[in-house]
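Novice: First the structure, then my questions, so here it is.
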């Protein structure tokens, strides 16, 4: 029954109090019956006239006898009690309790008569009526007074409240006076050797120490389990009941009271006794340096009892009583009483109500905040952590007990920063973080609060103190200049656990709880679901966050914003993504053990995507696919590219839905002045990753996924997919099919992807990596000559010690790498596979000027000026087949291009003169002629210009006018500049050196102005000129036969406009001079006439 753990003999003590009060006039006045009609104390004295013989023999004591007159008490009374209390037995008893054997016997004898219960009925008549539980207690056994002690906080009668309060303080001086306590715990007291149950053997304060010993044993049992003595269930209940009854007044916990008397005076001198206020004050100062160790240990034991049963905290029980009843936190009949009473269960239940938007009283929330902070400050208050994390604490976290440092040390171990952690310990930490819920208020985590105070004051000062947005603000400033190192560590340690349970982020839970229930079938905040564990809920949410309307079942806008915020945070550290860390632990150690800098681990996993195990590859692939749709998830990249985004891409950054637009903008503006090294590296890395799988390019995936499935099945790499689709488009174009197999939207996007592939050619970099990144091997002493290594010993070039190909492009950046490789393509040390790949890229670039960013930039003014008709006819989804470049070649021959564009076209002419495949128009129109007339040269594929020379030599045999036109254009270009015809230039190199060294290159000057004008004799021309069938020696050395021939040559000259202009200027000058001279002559003649 309800009185099992109560004070049975308090009724008899009530009589003691009444008798003492009757003998003292002050007490009589203090306890006179109030207006409610309660009988005066003098009348109550008459009610106890029929005492037992044992008490009648002490009639003198029940009359005017005073404790102060006893010789056994006189010395202690004089030393310990104020003199004004000597005449009041009640005051003396309270002062000297637990001091001598006489006092205990006195109290024990007084508690042997049940008639004192009738006194309680008289004094607390109205109170008993109001408290239903006490009114129903069985009379005659002392249970009524025990019930009144239990409900003393609800007693409103002044007289009744005074009696019950005084008696409570007296009864707790000795555990043997508590109803049933000695009977239930005698065996455990003896087994644990907590003290003596015999009166003659007890020492000063030993009775309080006995209870403290039992409490420590109870706590130790929860922390050690198999290795600790198991206390009997009835004794456990009695121990917890004693702790509950002493919850409001720290005087009632005798051991704690005597252990903390000095500390109470030091820290809590002005704190009023009652309602647990002194306890709370001492708890707040527990880790102060001035706190005595004995008091700190006693307070810790008290806190551990509170963790096992929240009712041990009077203030928490009182403040949250109505809320507990309202939200049915203690009415689960299926739950064991031990679990239901735990502090963690109460906190979880009430936190669930708060997170669901329910109203919880301010006093209750204040108490919850205090105890959540208490749990985070001292790990030992969680028995599961003490039990399961003992090894980790001893190995890594010894000596860090105070202010939450041990807990954060364990968090750091859990992250893998200091070793490995047992699963049970990990689960215990996760449960503690969930109970304390520091994500709702950063101040709960004292270690984090102290470490991040300066950052909060500077970076987050605009946010209200205690707001959940503080943690989000700190994460936004992670790895920035405002973040300090200690705060960074504490923040990541806490976020590691918050990221593993979506409910621990209050902002996310508040916005997404309805979506999670609808889409992921979650339960309430403090309930679990085996089918959908906490860590899997967020994965479910972000899978729905980026669905299209056609796919259905999308997140609400507010929830999607929060999911994006979490994804941005997780991108800062791979350990904040539970699924990624779990599945990629082996690969992280294998491939990325040296990648410890910010963001390097994820980049490393993406770089080794093909090498990862299947589970890890799937997770990394899904995350990369998600980043392609919303690159803002990559918070570090966005920070690095902030200047570029603000200047050129701000309209995409402000969009709620990215859809790959921002990354496309960054790629298109890679060469802007705002692009810094960090941003360039980040964008380039993402482009390289996109090459591994076409799904990693969101726009390309959405535009071409159907075409890929239909035309290029079983192909994943983006390079291969683009080649497959481009080949299909090209074949359909050449065959003039009525309907293209590749859809229009895919063809448009294909142009963009081809441009990016040329700018950042993943396949080219992979094939030519030996030409770029191979380190220089150890070489013997020697010297370099003509880019070859010669040994000093023999003077010969050793075959095994060739100069490393790193010399080609070791210092070239990514955007200039292809141009560098082009320049070195014909070097004899170039790898054949790399050379072949370079040629393929050149062919691709020359088909469409849009695929050559360097040419496009250099000729941005010339292309619209001279080739507007071609651009007008072309569409975004069609290939230009080299038409624009052919247009620019003709303007080069006419010397009308800008200097930058002229330089680029000269390079293209030089390259295409050696390989006809680099001239798309020539290949398109002369394919049949090449097969018919130059098959042998084309089959050789030596890239020495033999096919071009063959076509020039067979100019008159060409049947197709379009092909003949292309060959004539080549001749015209060569006449304009001998340097764009490598074959002719090589043949005439010595003669140009001897006879034309002073003539600047370009505009045909070395060949036509020098060789024509000087009329070099045939025998002076180098014999190698004969290898060029397109220019005969006679054509070079023949002089003009007359004025008509001279005029014809002028008109055929590429500089005819210049020559005619010079002639016209000369004529004009002569005319002006003639006019001027004639006027002077006429004036002189008139003067002569006048004389």
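Every residue, even glycine, has its Cβ placed from backbone N, Cα and C.
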Novice: For the transmembrane segment entry in TrEMBL, name the matching range from 1034-1057, 1058-1081.
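Specialist: Comparing 1034-1057, 1058-1081 with TrEMBL, transmembrane segment matches 1058-1081.
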Novice: Give the one range among 230-290, 554-613, 674-733, 829-896 whose Cβ atoms make the most pairs under 8 Å with those of the repeat 'Cys-rich GLG1' (359-418).
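Specialist: Stretch with the highest Cβ contact count: 230-290.
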Novice: Compute the average pLDDT of the predicted model within the repeat 'Cys-rich GLG1' (359-418).
Specialist: 88
Novice: DSSP on the repeat 'Cys-rich GLG1' (359-418): how many residues come out helix, how many strand, how many coil?
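Specialist: Going through the repeat 'Cys-rich GLG1' (359-418) residue by residue, I get 45 helix, 0 strand, 15 coil.
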